[in-house]
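Copied over from TrEMBL:
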type	residues	note
ACT_SITE	A:Asp155	active site, proton acceptor
BINDING	A:Gln31, A:Glu106, A:Asp137, A:Gly138, A:Pro162	S-methyl-5'-thioadenosine binding site
BINDING	A:His62, A:Asp86, A:Asp155, A:Ser156, A:Thr157, A:Asp158	spermidine binding site
DOMAIN	A:2-237	domain 'PABS'
Number of protein chains: 2
Amino acid sequence: MELWYTEKHTDSVKFSIQVDRQLYSGQSEFQRIDVFDSKEFGRFLTLDGYMMLTEKDEFIYHEMMVHVPMAVHPAVKRVLIIGGGDGGAIRELVRYPTVEHIDLVEIDELVVEVCKKHLPQTACCFNDPRVHLHFEDGLRYIRHCEDEYDLIIVDSTDPFGPGEGLFTKEFYGNCYKALKADGIMVNQHESAFYADDAIAMQRAHKRIVQSFLISKVYQAHIPTYPSGHWLFGFASKKYHPTADLNGVKWNALGLKTRYYNTRLHAGCFALPNYVEEMLRDAE
Amino acid sequence: MELWYTEKHTDSVKFSIQVDRQLYSGQSEFQRIDVFDSKEFGRFLTLDGYMMLTEKDEFIYHEMMVHVPMAVHPAVKRVLIIGGGDGGAIRELVRYPTVEHIDLVEIDELVVEVCKKHLPQTACCFNDPRVHLHFEDGLRYIRHCEDEYDLIIVDSTDPFGPGEGLFTKEFYGNCYKALKADGIMVNQHESAFYADDAIAMQRAHKRIVQSFLISKVYQAHIPTYPSGHWLFGFASKKYHPTADLNGVKWNALGLKTRYYNTRLHAGCFALPNYVEEMLRDAE
């Protein structure tokens, strides 16, 4: 027999992975959760059928979400992660001894439980004493935060289903308020290639630009996401993502990474013209 | 009914495009040639079933193959293209008034005929008086060239089937000989993500390094190629791909591009660590 997982990247484009076994399937209050094992990608997590991460390429997403802002901000102590129940962003963050406190606000406790059991590669560091889990709606949580965080990482699902409210103007405005005077927010930004993803990307960008003085977009190659060309938003009150990169300091930390490096940091903000045009149209 | 084209990116990974109609199917002396029409990607060409180009994303491949070396070399007059029977590289090259002579050596005349008929978006410029078509084996053609070209573009198929011999040490050595003292060669380099592609990429890189003093690799996001993360080799006798970039001069040409720009030119040579390690292992 053959067992195939298929995600429709558009109505007429499919990406399929041969599956060895389904390790978990369940329904939470919020979404359907599945974990599969595969030869090519190792284990992978889907939410409502959408690919969230695979063991083979999650390092790209998580390194780019975390190390880009960490190499710019000179002294990150308090971090808020919205979403990120797989633990990948936490894994990268706890490598920094200067980080003192991490709040992770995940709406779906079952995601964390399932990842702890089936995806130890990412869900490895929830027991770090600096990590504080809050199982509630990030949208509500952030309303009551003010001048509290150096870094906010919006590691959301796609902007449909439980992640939908996170792509609003109100939400990004509250993130701005929750950040200290030199805070940075990083946002998973979807992609520019397929029309529906591009609309979501433009919408997120437009709303972030309304709140943040400095708002730039960077890119990474993530093979298991639609088109493989994934974008992130870097929104900041003070620091510029490339002019304020402190490469010497970051490299002195001696962190071993598989995707991120400080040369690539500068390079990943150089976007193709068609993406630049979409961003300008949204601004 | 539904009609789907599927390419296996590995034995256990499939990429599928819903097809409106098959516009052409034929068998040449060298390979099977198909052209399809689709909603998402427009028309697309496959050779022996492998994706060669789609109307939606071919601009990325062709712009990156042509404008990167053209923005570095100060005076390209004579160009050799090996492969490239779809005409996309020619289309980008003839935009430069300073280019005087282009030899295109394509082993399969039927590819050019089919593209002229069904893919006018790329096969638009074969009639430019500077373009000279040679329907023969690039491997043989290049043996008799010496000190002749400013730029060689190796726009080959994958390193199996008719393109196989192009990934050899002898071939790259002959390219070196065919170039003038300050010549540049650009090579389509496969990808680093899936194991078989990575082996081909490392092999090509190793052989190019043996011939060329300056041998660097750059990347682009090409959604319809396996993993979406595609690599190109920049091999050069004199000019460095980023130190010798003349951005001011290139921008003064006023060429409108959809992917390439001179900021991205510098950025695309900043590779992820895992790719850098593979390249070092090959050297």
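Glycine too: its Cβ is placed from the backbone N, Cα and C atoms.
No curator has checked TrEMBL annotations; they are predicted automatically.
Cβ contacts within 10 Å of A:Asp86 (spermidine binding site), excluding its own Cβ and spanning all protein chains shown: 26. A strand conformation is recorded for A:Asp155 (active site, proton acceptor) in the three-state DSSP classification. Each residue in the domain 'PABS' (A:2-237) has a pLDDT score, and their mean in this model is 95. In terms of Cα distance, the binding-site residues that sit within 10 Å of A:Asp155 (active site, proton acceptor) are A:His62, chosen from A:Gln31, A:His62, A:Asp137, A:Gly138. A gap of 9 Å separates the Cα atoms of A:Glu106 (S-methyl-5'-thioadenosine binding site) and A:Ser156 (spermidine binding site).
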